[in-house]
Amino acid sequence: MEANSHHAQLNQGEENEMEIFGYKSQGCQKALCIAGYVLSCGALLLLFYWKPEWDVWANCIPCSLEEADVVLLRTTDEFRIYSRKNVTWISVSALIKSVSDYPAIVGEGSIFNEAIMKPSLQVKSIQVQKVRYVWNISVKQFQKVGVLEDHHTCSAIHAKFGCGLTCDEQNVRRLICGPNTIDVPVIPIWKLLIKEVLNPFYVFQLFSVCLWFAEDYMEYAIAIIIMSLLSISLTVYDLRQQSVKLHRLVESHNNIMVTVCRNKEGFQELESHLLVPGDMLVLKEGRALLPCDAILVSGQCIVNESMLTGESIPVTKTHLPQADNVKPWRMHCAEDYKKHVLFCGTEVIQTKADDRGEVKAVVLRTGFNTAKGDLVRSILYPKPMNFKLYRDALRFMMFLIAFAAIGMIYAVCVFTLSGEEAGEVAKKALDIITIAVPPALPAALTTGIIYTQRRLKKKGIFCISPQRINMCGQLNLICFDKTGTLTEDGLDLWGLLPSEKNCFQEIHSFPADHSLPWAPVFRAMVVCHSLIVLDGKIQGDPLDVKMFEATDWVIDDSSAHRVEGQGSTHTTVVRPGPKASNAPVEGITILYQFPFSSALQRMSVIAQEIGGEQEVFTKGAPETVAKLCRVETVPLNFESKLLLYTAQGFRVIGLAYKPLQAERQSADLTREEVESDLTFLGLLIMENRLKRETKPVLEELSAARIRSVMVTGDNVQTAITAAKNAGMISPTNPVILVEANKIPGSLSASVTWKPLDENNTKDYGSLDDDSQAERRIRLAAGSGQYHFAMSGKSYQIVAQHFSHLLPKLLLNGTVFARMSPGQKSSLVEEFQKLDYFVGMCGDGANDCGALKMAHAGISLSEQEASVASPFTSRTPSIACVPELIREGRAALVTSFCMFKYMALYSIIQYLGVLLLYWQLKSFGNYQFLFQDLAITTVIGVTMSFTGAYPKLVPYRPPSQLISPPLLLSVILNILFSLSMQIWAFVVVQEQPWYSKTNIHSACLSGNDSHMENSSTISSLGFRGVRDGTLREVNNRYKSYENTTVWLLSTINCLIVALVFSKGKPFRQPVFTNYVFVLVVTGQLGVCLFLMFADIDDLYSKMGLVCTPTTWRVSMVIMLAVTLAVSFIAEEAVIENRALWLLLKKTFGYYSKSNYRRLQRVLEQDSAWPPLNETFFSDSVALSVDENMGGHSNPTFDSNENTL
């Protein structure tokens, strides 16, 4: 056994990668722990609940994973979160009667064969985040079940599973894999309640409440209980609603009747939860929901994948080829494998059988392993947020606890020396913790986020991850998808540039009076698409719809058509419509489709004129299509023509075709054979207009110094033009195209830097012009005003071979074109590594991964897929981006204000109490109640009402609590409060009317009623009077110091609230928050009334004593001075941005963000960016040959040596 078999990796290389450790339960350790639970009254159990790793370490001993009965899991991200799982055993002995049946039932080479222990016929398993893993005996590791093994080749899948599984095979697989359900039970309310109540914050509150009850501080204890119950109820209600919503989302396809093909038993109907990987599913005519992921092995399907991609465009799926090679099927199909996979939760709209009869699919994944299961798991187990604010909040709490500990020691010393009882001393000392650490702090922090969420909802922006709202305030780079996000969703057909005998013909503009002549290019427009007729309406890709509509032909949607030699199959037939010009054919049948693939950037169809020959038609990215055509059919000026249109921002599509030999059957041909030796037919030119709001929004972001980056699947040149039109790239800034290529026949690669000259679409200029252009670019580069553009292919090669260059490229990379969905996610991640706070705005389809990866993903699609995105905008416009940033900044600043306020309120109260402890006094219960409930709670609720400032300023709020301005603000205000309280505490004792024992001495001369009152009170003697207990307690606290300190500290809380409620530049001015202004005015009125009113009953109840008017006026002056000093300090120092920038400069402080560091390095590098140079991956820089320096075509390696 290997030395490290105690520890292994689970889901290696996947998003949810974890480390797994093996442990064995130990009886005596368990007994000791149980004793510990009892002796600690459950506190140890609670600690183990919070820290599962301590639970495992205390109860178990480490052992190899093979012997383990408990495993400890740890995430591999920076959070390193632990969880504990018990190992369970599954017995399959009941299903395998004799040893001779074993190989046939289990299947050689399958995970099931490797997992069943002999002779006990048991399987060892664990369940992690709803997915089951079994112990593979031969490789000694836990492996996922519920998935068809990856090692099968295409031919093996057809051969092995083509006839279906036998009943016995299916039963064994079902027992080991579990049911095929995405089961999200609605969590019972009691479970949610317990989980919420055991939160450390609420446990601390419980401790506080118990202490307050022990001290008869009933009112606030009850208020806190009510508030906590309200908060818990709201959270539980929210969680319950989410749970119900998620349950409804998945229950629809947990039990569907499906038809499976049984080996030796024919077809059988069964419930979908009984399906297992390897089952042969038969798809019937008509619409159906898919209950699992499956590989299509015969026929063709049209599915609606909006549940997964957010795009409700019908997608065509083709069957897995029967290729006879040794590569696993997924590697054989490369990035295109998804075209053969039907995903769980998507809807099959139409099935088309081929000559092999039924439309069949092999079950690939079941339950939570499916695409939909994965989506649901990402909602159930979201990635934890790493935001400095929350880490700092925790550190701050620790600091307050340390602060409280000092107070506790002080309290214990003071009260013990005065001879107090031990119980009283303990209560007083513990009281300090509840004063110094405000129990209402987390609740106050969340109120701001809740209000922001409500404001966003009013603006049509929905948020499923409220914690990310604060993150939006930090965003400084936004990635935008192009089509449908920056530009209009639909495309308009602008023109067709036909090509004949390697020459471009005259352009045909749309909408035109004369129709197109009957030619292969016209036939390509008629058949080269994946459109279907659904409910009498043509549906499909908007580009296909526009192209087809321009021909005036129609789709005949009657279901089956006879095709010579192919029996009756379901094919699409297109016929000339009423408006179409005379065509020499009755119609064209589309026999077979190779659907569009973003990896291959093209699609093809095999079509046949009714009564005519079969032909292949291909359309796709012009550069891709041109490579598939015979060289002699591609016009010589292909590149310059393409550049002419793409530089104007048009979307260009290449068309090609070839006739098929009669003897070749379309179903037997591979995609490679079909898409070769084509004849180039021309270019289709589409116009994709910018949305009206795109330019103003991007200008607003640019003014706020928020970088905008375009990430698109379109052509580089089209994307660059769109970026210029949208204002992402200023007209004066040069664009440098970065092209990376793998060197054929070797493992190395090259990267070339080509400046894009403004005029290169018209004429290529001379060498002199080029050197001038280079000088211009060098000048721009000096100030960092240049932009890199690259394609997905180049991005991939740079990431693999030139990883040291990637950060430098990303620093000024503005256009990333022809990017696949995986590359989009990778790009977002790379930006995050440079310490950018990245927002991603897309319309769903190919952006799902990137939307999840970004700090703030904003989906402009209301489809179900947007559940993966934290934010969804109801209006499909990027205007929601600045809105979200504004609200995020306001929420972040509100969180800081609340934090500062709550910290200061507790420290002001803490200082006041410690001063009074010196005289063995404290605040009375009603005094505490007034400060805690009437002042702080009300302010905590209303302070967050302030809305966001409408203008985005060119800097962000601080991202951390422990930043110098914030800390200085808190420290200064603590010092102001401390000075004022100590000054008043000392000075009151120096007053001529002051008496330590007679609390009525100050007002005796002027108030006889007081005299009578005091004599009555003193004659009662108190000690034995039961109904006077409360008054006695209050009397015990009554003193001139108490009255002075309490009034000052209470009004000080209001001063702090006002000073901290800052408005501009991130929030609206405080006077716009009418509720807050009204509340603070009302509270100040009440406080001044308490200070100047001389009402005996009120004073008696509040534990206050009468002081001379002059002293009251002195207190008001003290408070006014504190307000003025505090306000000036906040405005002139804390909020003085110019001062902090000067200090940074003076002390040479620079931002530690990776991208800032890199910027500083590149500013000193005169050789960056390289121009007209090629680097090879062995890092030898080679200057481009002089005679090529005059012009390097920005999009293609040109053969035109005519310069």
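Keep in mind that glycine also has a Cβ here, set from the backbone N, Cα and C atoms.
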Requested in this report: Check each of the ranges 286-305, 926-945 against TrEMBL and return the one annotated as transmembrane segment.
Outcome: 926-945
Report summary line: Maximum Cβ pairs under 8 Å to the transmembrane segment (220-239) among 902-920, 926-945, 966-986, 1073-1093 is reached by 926-945
**Report entry** Close approaches to the transmembrane segment (902-920) from elsewhere in its chain (Cβ under 8 angstroms; 6 or more beyond its ends)
**Finding:** 396, 400, 403-404, 407, 410-411, 414-415, 418, 420, 428, 431-432, 435-438, 440-441, 444, 928, 931, 935-936, 940, 970, 973-974, 977-978, 981-982, 985, 1037, 1039, 1041-1042, 1045-1046, 1048-1049, 1052-1053, 1056, 1060
Query raised in the report: Which residues, given as numbers and ranges, are at least 6 beyond the ends of the transmembrane segment (1043-1061) yet have a Cβ under 8 Å from it?
Result: 897, 900-901, 904-905, 908-909, 911-912, 915-916, 923, 927, 930-931, 935-936, 939, 943, 946, 969, 973, 977, 980-981, 984-985, 988, 1070, 1073, 1076, 1080, 1083-1084, 1087-1088, 1090-1091, 1103-1105, 1107, 1111, 1115, 1118-1119, 1122-1123, 1126-1127, 1130
Query raised in the report: Using DSSP, what's the helix, strand and coil tally for the domain 'Cation-transporting P-type ATPase N-terminal' (144-217)?
Result: 43 helix, 3 strand, 28 coil
Query - Model confidence over the domain 'Cation-transporting P-type ATPase N-terminal' (144-217) (mean pLDDT, whole number) - result: 83
Query raised in the report: Residues of the same chain, at least six outside the transmembrane segment (926-945), with any C-beta under 8 angstroms of its C-beta?
Result: 217, 219-220, 223, 227, 438, 440, 443-444, 447-448, 451, 894, 897-898, 901-902, 905, 909, 1034, 1037, 1042, 1046, 1049-1050, 1053-1054, 1057, 1061, 1073, 1075-1076, 1079-1080, 1083, 1086, 1101-1103
Report summary line: Near the transmembrane segment (1073-1093) in space but 6 or more residues beyond its ends, with Cβ under 8 Å, are 934-935, 938-939, 942-943, 945-947, 1047, 1050-1051, 1054, 1057-1058, 1061, 1102, 1104, 1109, 1112, 1115-1116
